[in-house]
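Per TrEMBL, these features apply:
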ACT_SITE  Glu102  active site, nucleophile
ACT_SITE  Glu106  active site, nucleophile
ACT_SITE  Glu106  active site, proton donor
DOMAIN    1-216  domain 'GH16'
CARBOHYD  Asn110  N-linked glycosylation site
SIGNAL    1-24  signal peptide
Amino acid sequence: MKSSCGTRFTFLALYLFAVQCVYAGSFHKDVNIHWGDGRGKIHDNEGKLLSLSLDKSSGSGFQSNQEFLYGKAEVQMKLVPGNSAGTVTTFYLKSHGTTWDEVDFEFLGNITGHPYTLHTNVYTKGLGDKEQQFHLWFDPTAGFHTYCITWNPQSIIFTVDGIPIREFKNSESIGIHFPKSQPMRVYASLWEAEHWATRGGLEKTDWSKAPFTAYYRNYNVEGCVWANGKSSCPKKSHWFTKKLGKGGMNKVKWAQRKYMVYNYCTDKKRFPQGVPAVCT
């Protein structure tokens with residue numbers, strides 16, 4: 001019995017150590033608060049906690065100092081509490097130019113007591129129209145939760161607290177564009193979009209509740225850093241070859257069955273000629 005307990009304790013200690021070591025990034029070193037005129041703030045010397053704020057004059061945002069051609073971007077977020085209607089809090093990847101690539105986590109605020117909508121999308125060559133939306137199984141304003149985008153040559157995987165909710169597979173073999181040639185930065189922002197964000201713009205922003213504030217912590221990106229026209233990938237990176245197996249796809253099906261509120265793949269009004277080929 002002592003041996004069993006000791007083994008369990010050792011495993012638990014190693015697990016906790018591993019969890020603590022996952023987050024190696026620093027907001028001080030790894031990102032630039034590139035807009036907001038002081039509305040974005042880093043709160044500690046180690047650069048683990050950052051806040052973004054929105055008032056009637058401006059929102060705020062940060063971007064990674066480096067560009068990546070494939071990577072795993074992860075952060076913990078605590079969203080604007082209370083009446084957040086009209087606000088959009090984001091964590092996403094994006095390239096430059098008029099035919100950009102982009103991978104989105106966007107959190108659409110709501111009036112008090114109603115759930116946030118988690119909006120996901122993938123843009124390739126400047127074209128999006130691949131939206132899937134969810135209501136989460138927890139209150140994202142009550143505490144921090146982990147959101148992760150894994151982007152590799154096989155697929156793009158969206159996870160929430162380690163649970164995959166969506167996989168966008170590389171379907172170039174059937175003529176579907178996939179982000180593979182444009183390096184992307186990691187971005188985050190808090191901004192106002194009351195004309196569309198909450199129930200299609202029916203719920204407007206209550207500016208008497210401003211400033212609205214969201215928190216980010218434990219930012220970490222492991223990726224193929226782009227510099228001088230080429231990328232350099234870390235050796236033996238598990239994320240670079242990751243794709244969802246049967247267990248992972250069962251989790252996606254669970255999340256989509258219970259919590260998905262919109263899926264472009266089933267929107268026949270929007271696509272009267274048939275759903276996009278990538279959905280099949």
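One is the number of the first residue shown, and numbering goes on along the chain from there.
Backbone N, Cα and C atoms are what each Cβ position is placed from, and that goes for glycine too.
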Review point. Distance between Asn110 (N-linked glycosylation site) and Glu102 (active site, nucleophile) at the Cα atoms, whole Å?
Key: 24
Exercise for review: Using a 10 Å cut-off, grab the number of neighbouring Cβ atoms around the Cβ of Glu102 (active site, nucleophile), all chains included.
Suggested key: 19
Exercise for review: Give me the mean pLDDT over the domain 'GH16' (1-216), rounded to a whole number.
Suggested key: 90
Check your understanding: How many neighbouring Cβ atoms, not counting its own, are there within 10 Å of the Cβ of the residue listed as 'N-linked glycosylation site'?
Key -> 21
Exercise for review: Could you tally the C-beta atoms, other than its own, that fall within 10 angstroms of the C-beta of Glu106 (active site, nucleophile)?
Suggested key: 20
